[in-house]
Structure formats: C-alpha cells, structure tokens
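To start, the structure itself, in structure tokens.
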Amino acid sequence: MTDLTDTRAEVRSARTSARKAGRTGAALAPYLQAAPMALVFLIFFVLPLAATIAVSFWQYTQYSIEPAFTAQNYGDVFYGCLANLPSLCTTFLTYISTLKFCLIVWATTLTIGFTIAYFLAFHVRTLKVQVICFLLCTIPFWTSIVIRMISWIPLLGRNGLVNQTLMGMGVIDSPLEGLLYSDFAVILALTHLYTLFMVVPIFNSLMRIDRSLIEAARDAGASDLQTLRHVIVPLAKPGILIGSIFVVTVVMGDFLTIGIMGGQQIASVGKVIQTQMQFLQFPLAAANAVILLAAVLAAVWALLRLVDIRKEL
Amino acid sequence: MSEAQTVELAAVTKRYGDALAVDAISLKIRAGSYCCLLGPSGCGKSSTLRMIAGHEAVSDGDIMIGSRIVNDDPPALRGTAMMFQSYALFPHLSVAENVAFSLRMKGVAKDERLARAARMLELVSMSDFADRTPNLLSGGQQQRVALARALMTEPSVLLLDEPLSALDPFLRVRMRSELRRIQSELGITFIHVTHSQEEAMALADLVVVMNEGRIAQAAPPREIYNAPRTPFVARFIGGHNILEDGGRTITLRADELAILPEGRASEAQRRARISEIEYRGPDVRLGLETEAGESLTAVMGERDFFESPLREGADVAVGWRPEAAHELARDG
C-alpha cells in the first residue's frame with residue numbers, strides 16, 4: 001500500500017514539474033492566437049470609433065476643422081427639435097423613417113427567414129439537400145451590392161418586366177409608378193438582402209431542438225400551431241435574437257440601398273451622414289454617427305433584454 | 001384517471017423503404033395489464049410502441065385500442081400517453097408547466113392547471129421541484145416528471161420507451177418497483193419497451209419477446225422462463241443451457257444442471273471440465289466445457305457449493321432430471 005502511495009506521489013510531482021517547465025510558453029500561446037484579431041479590431045475599429053467620437057466635439061467652419069471641445073454639433077443635429085414640438089424636426093423625421101424601415105424589414109425578414117429555416121430544418125430530411133438549399137439562398141451574395149441594386153431596375157422600372165407582364169395580362173392599363181424608387185422598393189431590396197441573416201441563426205437554433213420534444217408536444221395533444229407557438233418558437237429564440245440584431249444594426253445604418261432604391265428621395269440617417277461628409281462637415285457627420293450608434297446600441301440592448309442569450313447558448 | 005383499455009395488434013407491419021422493421025405481428029394485451037416488449041436493439045419493439053403511440057404510421061395491419069381502430073388517429077385521440085426514452089421534457093418550461101402542458105394545450109386556466117399539476121407531482125414525489133427547470137434535475141427526477149406529464153392526459157394506455165435505461169443500476173431497481181406500484185394504483189394498461197430481460201421479468205404480466213420484427217414468444221414471465229419456445233428466447237432471457245440431445249434441441253435451466261458426486265457418476269448425461277468459477281453471493285456460477293465441446297453453465301446455491309468445493313480445471317460428471325429438459329421449437 002505504501003509503495004502504491006509513493007508511486008502515485010512521484011507521478012504527480014513529475015507531472016507538476018513538467019507543467020511548470022512548459023508554463024511560460026503555454027501561457028503566452030492563447031494571447032498570441034488572439035493577437036491578430038485583436039490588432040485588427042484595435043486599428044480598424046476602436047481607433048476610428050474613438051476618432052469619430054473625438055471629432056464630433058470639434059468646431060468646424062465652411063473651410064476648416066479645429067480641435068476644440070464643443071457640444072455645438074449635437075445642438076445643431078437637434079436644432080429646433082424640442083422647441084417646435086409637436087411638429088417634428090428633420091432629425092426626428094429621419095430617425096422615424098429609418099426606424100420604420102427597420103421595423104418593417106425586421107418583420108418581413110423574420111417571417112420569411114423563420115419560414116425558410118423551418119422548412120430546411122424540419123421538412124428537408126438529408127443534410128445534402130439542406131446544404132444545396134443553403135447554397136441556393138446565398139446566390140444573391142455571389143455578386144456585388146451595386147449589381148444587385150441595379151438589377152432591380154429592369155425588373156421593377158416603368159417599362160420593367162413586372163409592369164410589362166401585368167399590362168400584357170391586362171391587369172393594369174398604365175404602368176405602376178410605385179414599384180421602383182419608393183418605400184416598397186426599399187423594403188423589397190432590404191428584405192431580399194438580409195433574409196439570409198435571419199435564416200442561418202434560426203436554422204441553427206431549430207436544428208438543435210430535440211425532435212422528441214415535438215413528438216412529446218403532439219402526444220400531449222398540441223396542434224401543429226400550438227407546437228410552433230409553445231415549443232418551437234421559444235426554443236428558437238436565441239437564433240431569432242441573433243438574426244434580429246444583424247438585421248436591425250445593418251438596416252439602421254444603411255444608406256446605399258435606401259439611396260438607390262428610394263431614388264435618392266427617401267431620407268435615412270445613413271444618407272444624412274453621407275451628405276454631410278460630402279459637404280466636408282465632418283464634425284456634424286461624426287455627431288450624427290455617434291447618435292446613430294447610441295440608437296443602434298439601445299436597440300440591441302433592448303433585444304438582449306428580451307432573451308438572456310448567455311443562458312440560451 | 002380513465003378506464004384501462006385493451007390493445008390489440010392485427011398483422012401490424014412497418015416498412016422503412018425496403019427494410020422491414022415490424023413483420024405482421026399480432027398481439028392482444030389485456031386491459032389493465034403490464035406488458036413488456038423485450039428484445040435486442042433493432043428487433044422492432046420501439047417501432048411497434050411508436051406505432052401504438054401514433055408517432056409512426058402503420059404500413060399495414062390494424063391497431064385497436066378498446067373497440068376502436070386507431071390507425072389514423074393522432075396520438076391525443078388514442079387515449080395513449082408516451083414516456084420518451086430521453087424524457088423529452090421541455091427545457092424552457094418549469095417542472096410544473098411541463099406537467100401541465102397538456103392542460104395548457106386544452107386551454108385550461110393557469111391556476112387550475114398548476115393546481116392539478118401539483119397533485120400529479122405529489123403522486124411521483126416531486127412536489128419540491130415544481131419551480132425548477134428540467135436541466136437542474138437528476139436523471140431519476142427528470143423521469144418522474146416525464147411520468148407525471150404523461151399521466152396528466154389521463155391515458156387509458158401508458159407507453160414507456162426504455163424508461164429505465166438511462167438510470168444507474170441502483171436507481172433502476174427503485175424506479176422499477178415504483179412503476180409497478182403506480183401501474184397497480186392507476187389500474188391502466190402499461191406497455192413498456194426494454195432490452196433487459198430482468199426488467200421484463202420483474203415488471204410484466206405479459207412478456208413479448210421480439211426478434212427481427214416478429215414475436216418470438218408472448219407469455220407470462222414464468223412461462224417464458226420455464227418454457228421458452230425457441231432457442232432465441234432461451235438465449236435472450238439467459239440462465240438457460242441449449243443443447244442437442246438425442247436428435248432434439250432442449251434447454252435446461254442453469255440451476256437444473258447438477259454436478260454429480262462420484263457415487264452417482266453413472267447417471268451422468270455429460271462429462272465436463274470446469275472452465276470457470278464465479279462467486280456471486282447467493283449462488284455460484286460454474287462454466288463447464290463438455291467433452292463434446294458444448295459450453296454449459298450451472299448455478300449452485302452458495303451453501304451447496306461450499307459443502308464440497310470444486311476447483312477450476314476439475315473433471316466432473318453433469319446430470320439433470322429428465323423432466324427438467326424442455327424441448328425447443330426452431331427459431332423463426
């Protein structure tokens with residue numbers, strides 16, 4: 001017995017010393033592995049963000065920008081907003097318009113994305129077919145955003161495919177005007193772009209649901225709709241949340257899609273910032289960007305309050 | 001609780017593509033009895049259970065519960081409830097809400113359904129855990145909750161898919177007697193799938209031994225043990241020696257095989273060498289190799305064995321009472 005205990009102690013001490021020898025190298029390894037990504041983040045994300053926040057407090061004139069500390073830019077953004085209530089100022093109107101697109105696109109991408117993810121997860125039986133369907137969903141991403149935007153014109157334009165077809169069928173007499181360069185066009189394009197961002201995380205959540213849970217629900221007398229509402233949707237929450245964060249953040253900052261599909265006639269916060277940059281009003285643009293960032297962070301925070309993501313993952 | 005119902009299978013068949021999982025089995029399970037479907041994995045017992053539950057469509061044949069053919073009924077209309085092997089508790093709901101789930105689906109108000117769930121949790125002694133989520137429970141506790149949830153629909157037939165296989169041996173024995181207690185208290189029909197012959201023997205009124213999609217034998221446990229119909233059944237329930245004797249296949253219970261003292265060596269049917277001695281507490285198991293090359297197993301009472309202990313490698317005479325030999329039919 002003593003022999004055995006001794007041997008064990010020896011083995012243990014040998015192991016400990018081996019661990020000590022390799023410790024310095026081993027302790028450094030994870031930091032080295034994380035370093036490249038951390039550097040990229042630091043240089044291309046943290047620094048520009050800090051610069052933006054700093055510049056938002058600078059002074060500017062028509063031909064110069066001066067380092068200073070002034071809240072004037074923020075005051076300009078909200079100029080007249082409180083004084084003129086209840087009539088809304090441009091900034092509020094712009095934010096409301098952007099939020100409107102955000103909500104509508106969130107609703108459409110969620111509905112379509114959940115439906116596609118549900119189909120892929122529960123109706124497509126083999127992994128091979130699932131992968132093929134996924135690739136089909138990514139086809140729009142094989143070309144650049146500009147080409148995708150321009151491609152809508154021959155489809156939705158005044159003499160586009162849709163109008164010609166409808167007129168050919170005799171459904172309408174004159175071309176529909178609202179197809180292109182309208183709210184509808186913006187929502188259509190954004191939905192088309194971002195539905196995949198909903199599909200992927202929701203699909204991932206759905207695949208992790210134990211199939212016997214669905215049988216158990218059926219066994220307990222739940223209809224298909226009840227199973228969806230009481231079992232599948234609650235368990236898909238993490239995926240819905242991640243997809244929602246993607247879509248909300250991307251749509252809130254969008255200026256390209258809203259610009260092109262809205263015929264440069266629809267205001268969005270991103271568009272405002274872009275215009276101010278064109279006029280070299282960098283501090284004003286920076287102040288707008290910081291406010292937008294705060295709004296997006298507030299939206300993400302609200303979403304995270306709905307689902308405890310750490311618990312769900 | 002609703003009234004117990006008979007379950008009757010008439011030439012029930014399940015095909016997956018070309019593969020035949022269940023091959024035209026017919027079976028009648030009396031109302032209020034405890035039936036165990038026993039067999040190795042892939043024998044079709046789980047498919048059979050899932051067809052009775054309505055989670056698997058019947059390829060051919062009829063399933064009758066009570067006096068109704070239920071082939072096309074959804075699970076909830078059959079009066080069955082299923083307890084799943086993995087328990088399948090809803091991870092996002094509390095224990096009480098899990099148990100009350102079927103009532104919630106029926107639209108029963110929250111207070112009433114939670115009150116009824118609380119009563120059901122009492123039956124399985126899980127009242128203290130009502131507010132926890134399932135991931136905070138041990139396997140045995142999860143199983144009690146799953147049982148309570150299944151019973152909540154007031155089924156006339158309860159279907160259990162390998163309910164004890166995920167538990168440790170000690171807990172398994174305890175849950176086994178609890179299942180038996182609950183079954184006799186409720187008086188409803190239980191159909192229990194297992195691959196453990198010990199479990200089936202301990203629980204069942206009717207043991208259905210299945211092999212390759214067919215029923216090898218359906219009988220009460222004593223009959224199965226004392227008069228297995230085929231070599232497969234004898235081998236599967238264990239404790240049996242199968243040998244060829246005078247042109248017929250017979251089986252002998254291991255405790256019927258006797259090591260004869262030198263004085264009675266002339267009565268011996270076989271001569272054998274002891275290849276293995278295993279002490280098991282209440283008895284001792286002897287592994288024997290006969291001269292003809294058969295492997296036999298004898299089980300002796302502990303006292304009997306140590307009155308005249310034997311050694312491994314010893315040559316002994318082996319015999320049995322002629323009445324103890326039971327003739328087997330062919331497999332299939």
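Cβ atoms are placed via backbone N, Cα and C, with glycine included.
The domain 'ABC transmembrane type-1' feature in TrEMBL is assigned to A:95-303.
Same-chain residues lying 6+ beyond the ends of the transmembrane segment (A:37-57) with a Cβ under 8 Å from its Cβ atoms: 65, 68-71, 73-74, 282-283, 286-287, 289-290. The annotation transmembrane segment is assigned in TrEMBL to A:37-57 (among others).
Counting only same-chain residues 6+ beyond the ends of the transmembrane segment (A:77-97), those with a CB under 8 A from a CB of the stretch are 266-269, 272, 284, 287-288, 291, 295. Look at TrEMBL and you will find A:77-97 (among others) tagged as transmembrane segment.
Listed by sequence, the residues of this chain that lie at least six past the ends of the transmembrane segment (A:103-124) yet keep a Cβ under 8 A from its Cβ atoms are 130, 133-134, 137, 187, 190-191, 194-199, 202-203, 206-207, 209, 232, 236, 239-240, 243-244, 247-248, 251. Per TrEMBL, the feature transmembrane segment maps to A:103-124 (among others).
The annotation transmembrane segment is assigned in TrEMBL to A:131-153 (among others).
Long-range contacts of the transmembrane segment (A:184-203) within the same chain, counting only residues at least 6 positions beyond its ends with a Cβ under 8 Å from a Cβ of the stretch, are 101, 104-105, 108-110, 112-114, 116-118, 120-121, 137-138, 140-141, 145, 148-149, 152, 156, 178, 236, 238-240, 242-244, 246-247, 250-251, 254, 257-258, 260-262, 266. As annotated by TrEMBL, transmembrane segment applies to A:184-203 (among others).
According to TrEMBL, the feature transmembrane segment maps to A:239-262 (among others).
Feature annotation from TrEMBL assigns transmembrane segment to A:282-304 (among others). Note on the transmembrane segment (A:282-304): residues 52-53, 55-60, 65, 73-74, 76-77, 95, 102, 241, 244-245, 248-249, 252-253, 269-270, 272-273, 276 of its chain, located 6 or more positions outside it, place their CB under 8 angstroms from a CB of the stretch.
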